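**Student:** Annotations per TrEMBL:
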type	residues	note
DOMAIN	4-83	domain 'GST N-terminal'
DOMAIN	89-209	domain 'GST C-terminal'
Amino acid sequence: MANDEVILLDFWPSMFGMRLRIALAEKEVKYEYKEEDLRNKSPLLLQMNPIHKKIPVLIHNGKPICESLIGVEYIDEVWKDKSPLLPSDPYVRAQARFWGDYIDKKLYDTARKIYSATGDEHEAGKKDFIEILKVLEGALGEKPYYGGDNFGFGDIALIGFYCWFPAYEIYGNFSIEAECPKLVAWAKRCMKRDSVAKTLPDQHKILEFAKILREKLGLE
């Protein structure tokens, strides 16, 4: 698919956009990256995702694919000749989708409370966040990756949150490595892959961004 036009509408700190960037890197697909200002969304974003009006949006030959995990599946199906991301076995594939869905439904909103909420809501968010990470650590088990021996869909679904870990730790006043050592070891293993290391922003940059968000919320 040498003549494909691939565009990614994204916002650099988004762990959801990171999924598509990693998937495209794994497949060695060249694409045009367009950074979005979420306070002033581009006409292209509003045209390509008129329902949710959110990033990331993958645009392939003029056609939009919205929602990050759907985008990762699409990338895996279209560019299937390199680095399979979803397992071929239907049951194992269903399990990978289950954990991707679990991460989407549980992790982001809970994690956000750690740096954006106060009082009881903050404490509840912190407690729930640690419990969710323990569930995810249990799902990993003794495997090197969520896909078993191979880096894949489940790893891509979760790894973008890793660059946010220091922000969660500072504003939550806890250590993720102390709570979930195997999960942190998994994240460090993923970071040895070029596709991940070159995609995830520097953790200090994320910390600065979280501080700006807190200032806007009047928490700093």
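Each residue, glycine too, has its Cβ placed from N, Cα and C.
TrEMBL: automatically predicted annotations, no manual curation.
Since the structure is predicted, the reported quantities are computational estimates derived from the model, not experimental observations.
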**Student:** Express the predicted model's confidence over the domain 'GST N-terminal' (4-83) as a mean pLDDT, rounded to an integer.
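**Tutor:** Looking only at the domain 'GST N-terminal' (4-83), pLDDT averages out to 97.
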**Student:** Run through the domain 'GST N-terminal' (4-83) and tell me, per DSSP, how many residues are helix, strand and coil.
**Tutor:** 29 helix, 17 strand, 34 coil
**Student:** Tally the residues of the domain 'GST C-terminal' (89-209) by DSSP class, grouping H, G and I as helix, E and B as strand, and everything else as coil.
**Tutor:** 94 helix, 2 strand, 25 coil
